[in-house]
Amino acid sequence: MTMFKSLKRSVLAASLLVASPLALANLHFLVPGGPGGGWDTTARGVGEAMVKAGIEDNASFQNMSGGGGGRAIAYLIESGTKKGDMLMVNSTPIVLRALSGKIPYSYRDLTPVASMIADYGAFVVRNDSPFKTWQDVIDAMKKDPGSVKVAGGSARGSMDHLVAAQAVKAAGLDGRRLRYIPYDAGGKAKAGLLSGEVNLLSTGLSEALEVANGGQARILAVTSADKLPDYPAIPTLKSLGYDMEFVNWRGFFATPDLPADKLAEYTEKLRKLQQTSEWEAVRARNGWLNLFQEKEAFIKSLEQQEAQLRVVMKELGFIRG
Amino acid sequence: MLDGIMLGLSTVLDWNNLLYVIVGCFVGTFIGMLPGLGPITAIALMIPITYSIGADSGMILMAGVYYGAIFGGSTSSILINAPGVAGTVASSFDGYPLAKQGKAGKALAIAAYSSFIGGTIGAILLMVAAPLLAKVSLSFQSPDYVVLMFLGLTAIAAFSNKGQFLKAMMMTVFGLMLATVGIDPSSGTERFTFGQADLLDGISFLLVAMATFALAEALINVARPEAEPDKKIDDPDTPKIGSTKLTKEEVKDMAPVVGRSSLLGFIVGVLPGAGATIASFMAYATERNLAPKALKDKFGKGSMRGLAAPESANNAACTGSFVPLLTLGIPGSGTTAIMLGALIAYGIQPGPMLMQENPSVFWAVIVSMYFGNIVLLILNLPLIPYFAKVLAMPKSVLTVMILFFSLIGVYLVSFNTFDLFMMVGFALVALVLRLLAFPMAPLLLGFILGDMIERNFRRAMMISDGSLSFLWDRPLTLSIFVISILVLLFPLKDYIVQRRKEKAATQAEQHA
């Protein structure tokens, strides 16, 4: 029976660690994906910093994957205020998947609380690539749109694809003629680039830095509005004369019937967190860039992003009308 | 390199780090043992701990958890037919029949020794050839994965007993069909989701494996209690677990199998697009194809070779996956992706420069793998009789336990009740199919390979502009393709030879 005792204990330990019980927690984080992903690290990082900085007594986390994030949204709406303080982490896909109809909700069905961090689109080539600048890529595409094969870590119509299509469009080319090669994950897209079967990689800046800092690849451009203080050497599309910017935010949402005083409390806590050294440690550790926006500004940027994505998705034929 | 090994040794022999090796292996083994929970969950649980310790210790701990989980996963595969980890699904094909024959102790011992050898051979290869192997992992492009997976599919023959080829084929096709559920990887459109949001992400491999193996097995126990008279209840003090000792002949018989499978597993593990699960299936199929005629028929019915092959391959593959992770900064799986995130959080940049910039991390991880494998062996061997006692439980209790742990295991991965309903549905279908003597392994093979073949094939087609020329454009693709054709034709030779013999015999009879 030794095994079963240990098994029981491990199950208990695992369930405690993975999904701490609601009753004990002061602030509960709902993660729409599995452990270890981007959403998960954001929620856990914010929670950890809050507790360490003394802003919150306790933070608990619950992973709820499924339905492209839709299940967690449904759960958040359903739970309302009954289950105590609950924040769901999400990012650009909530806008994107709502537009494409993959999830039956949009951010309008929730209370956007605040955005926390930002990642930007980045375009990467192999070290020995003939493309030295983003201009070289555009020139090659102008000559022959099929000559540039663009890898991305997810299916057609996902963020990597849309960002690349917009960047190409900003140079006056047809986004539909972009040759997008989908991979099953960011890591595999990187392997594809390094193996030489594609010649450009469209990905997030943080993932791009993982290969670029290793010295096997170069980042040609990022999609941030201004040059990033941490990486001044990387040109932005704007600085190169292409009118295109894109930000992949990560932020928090609460139930639609959230009382105003609760919203103020959450916002205050997240704002306070920005100034703490504990948050700075978490942020630097993960290579995140701050993008703190409170509700009004957050909603505005969500609307902007929605409009921007709607245009490009229509052009590429992912949505009609 | 000697300096590196000395550096790694001095780091690992620090009592703190030795402790982390032991803790990592221990935690990994136990979480891996729980049906459904694998290295990804185990490592995610370790992350908060790793931040508070240094980079060397953190990586040592996580590596220990990783191969510990693969090591532990085989225990539940063998004992209760409920794979703990996707990489040990293939271990249940022959491991569980062995346990049923009262050789549970031996089966667990084979698993432990094979894992140990697979892990150790992997660690040696990693040490001597990591930078060189980085080239191997980058030399594989989408077309090569297509033909590699195609080679894997030829293994259906390995899963079909005499006269069952058609059934095995049907199950493979069923698996291929299941793999198409979810968002189409190339176009982004939904397929066979029936408007059900829970099907968007596709069906999880582990869910299918647990439903068709563990759950269906438990249901069969209920449906046919008389099939195996339960003697164990009468005699609870001497459970039939058998000896854990291997005879000299058995060791001699399995040694080349373990050697080959470790090598194969390691190479497959080095490829970012494959991994431990594919490696274990391929090793199983290869050994089945290479086995002499008499031993071939034992596969699937409790062949020791059939257990040793996937067990050494999955551990070697798990070690192999550190090649792209450390030398290129490319994660081949969800588990290594988490480890990459942790490395970056430590401020360590994996890649070609890692060996120069952070030699202590690089060498400490590799050297810790030797220790880890020894720890796992020491940890597991004495525990085998205790683990195996599970089988001594009355069947009525055991069946309930299996149901409980497999359902809980799948739930703990996704926290989605829909998965539970889906699992029960699959188990019922599997129950009917199994009563009709359909084999389940080809279903899993088709399911896991179907998805990878499709993704890589469509990618290869897009890259080559819709031309099939990618099949012969590169020598690597062509050679794997030719090998798989030969493997397909190989059984035909036996068939023809046999027909000729029969013909000659009948002619001889007529003359007489």
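Cβ atoms are placed via backbone N, Cα and C, with glycine included.
Under the heading domain 'DUF112', TrEMBL lists B:18-445. Feature annotation from TrEMBL assigns transmembrane segment to B:20-47, B:59-80, B:107-130, B:142-159, B:165-183, B:203-223, B:263-286, B:322-348, B:360-384, B:396-414, B:420-450, B:471-492.
A Cβ distance under 8 Å defines the sequence-distant neighbours of the transmembrane segment (B:107-130), meaning residues of its chain 6+ beyond its ends; these are 1, 5, 67, 70-71, 74-75, 78-79, 91, 95, 98-99, 244-246, 254, 258-259, 261-263, 265-266, 269, 304, 307-309, 311-320, 322-323, 326-327, 355, 366, 369-370, 372-374, 376-377, 380-381, 384, 387-388. Between the transmembrane segment (B:165-183) and the transmembrane segment (B:420-450), the number of CB pairs under 8 angstroms, six or more residues apart, is three or more, so the stretches are in contact. Here the listed stretches are B:59-80, B:142-159, B:322-348, and the one with the most C-beta pairs under 8 angstroms to the transmembrane segment (B:360-384) is B:59-80.
The transmembrane segment (B:203-223) is in contact with the transmembrane segment (B:20-47), judged by 3+ CB-CB distances under 8 Å for residue pairs 6 or more apart in sequence. For the domain 'DUF112' (B:18-445), the model's pLDDT averages out at 85.
Same-chain neighbours of the transmembrane segment (B:59-80): 12, 17, 20-35, 38-39, 42-43, 46, 49-50, 53, 87-89, 91-92, 95-96, 98-99, 104, 107-108, 111-112, 115, 119, 214, 217, 276, 307, 311, 314-315, 318-319, 322, 335, 338-339, 342-343, 361, 364-365, 368-369, 372-373, 375-376, 380, 387-388, 390-391, 398, 401-402, 405, counting only residues six or more beyond its ends whose CB sits under 8 Å from a CB of the stretch. Sequence-distant residue pairs (6 or more apart) of the transmembrane segment (B:263-286) and the transmembrane segment (B:471-492) include fewer than 3 whose Cβ atoms are under 8 Å, leaving the two stretches without contact. The list of residues near the transmembrane segment (B:20-47) in space but at least 6 beyond its ends in sequence, with Cβ under 8 angstroms from a Cβ of it, reads 12, 53, 57, 60-73, 75-76, 80, 82-88, 206, 210, 214, 318, 333-335, 338-339, 342, 368, 371-372, 375-376, 379-380, 405-406, 408-410, 412-413.
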